[in-house]
C-alpha cells in the first residue's frame, strides 16, 4: 500500500510539474505578445526600450522550455534545436530594434520590430 501511494505521488508530481513548466512557457509567450503591442503603439523611446527589454528576457526564458508539441522529443533533437533557433532569431531581432531605440530612432526601431511578427508566425505554425 505504501509503495503504491509513493508511486502515485511520484507520477502526479511529474504530471503537475510539466503543467507548471508549460505555464511558464505560456507566461513568457503572453509577455512577448503584450509587449509587442506596446512596441506597436508607443512613440516613447523609454517605453519602447522597456517593452523590448521585457521581450528579450521573456524570449531567453522561453527558449529554455519545451513546448507541449515537443514534449516527446529529446532535448538535442532536430525539432528542439529548431525551436531554440527560432528564439535565437527573435532575440537577434529584438536586439536590433533595441539598438535603434537606444539611439533614439523610435520609428526605425518600430519598423525593425515588425520582423518579430514574421518570426512569431513562422515558429507558431511549427510548434504551437
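Using N, Cα and C of the backbone, Cβ positions are placed for all residues, glycine too.
Going by Swiss-Prot, these are the annotated features:
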BINDING   29, 124  heme b binding site
SIGNAL    1-22  signal peptide
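For residue 124 (heme b binding site), other Cβ atoms within 10 Å of its Cβ number 12. Spatially close to residue 29 (heme b binding site) yet at least six residues away along the chain are 58, 62, judged by Cβ distances under 8 angstroms.
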